[in-house]
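Pulled from Swiss-Prot, these are the features on record:
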BINDING   Arg70, Ser71, Gly72, Asn83, Leu87, Ile88, Asp89, Met97  substrate binding site
Amino acid sequence: MKKIDVKILDSRIGAQFPLPAYATTGSAGLDLRALTDEAFEIQPGETKLIPTGLSVYIADPQLAAVILPRSGLGHKHGVVLGNLVGLIDSDYQGPLMVSMWNRSDKPFKVEVGDRIAQLVFVPVVQAEFNIVAEFEQTDRGEGGFGHSGKK
């Protein structure tokens, strides 16, 4: 397993709230919590930037992390990430923040310590572009947006 340096920015982590951990052996994501001073509401149509109390330093340029929504928040409450996905580059060392957007028509309450997003580590491939006049022919060619059919 790859080791990633994590800096605890909020002393409640490890005392009042656990470090992010994988829920099962098959879990891809680690839950991130709202580490605010008090509970708050996100009004309909509003976006808020929420601290998680953590910083990570991935260091390995072949890895990055993405902050993704928790499926239940979007499906049950209409609350999603304000930037859809957050990308954490391997050389970033600042605090992890979560942008939450309430796209529902009701206020959404966030309690201190609520799990609000998940962090997933992913491999990185940096591409080198090769300029060509034409691509090698494939069966699909330029077909997109529904090209492969519905059934």
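Just so you know, glycine gets a Cβ as well, placed from its N, Cα and C.
A quick note: this is a predicted structure, and the numbers were derived from the prediction, not measured.
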Counting across all protein chains, other CB atoms within 10 angstroms of the CB of Ser71 (substrate binding site) number 9
Tell me the coarse DSSP state (helix, strand, coil) of Gly72 (substrate binding site). helix
So if I measure Cβ to Cβ from Leu87 (substrate binding site) and keep only same-chain residues at least 6 apart in sequence, which ones fall under 8 Å? Ala64, Ala65, Val66, Ile67
Around the Cβ of Asn83 (substrate binding site), other Cβ atoms found within 10 Å total 13
Would you identify the secondary structure of Leu87 (substrate binding site) according to DSSP, in three states? strand
Widest Cα pair spacing in Å over the listed substrate contacts Arg70, Ser71, Gly72, Asn83, Leu87, Ile88, Asp89, Met97 is 26
Tell me the coarse DSSP state (helix, strand, coil) of Met97 (substrate binding site). strand
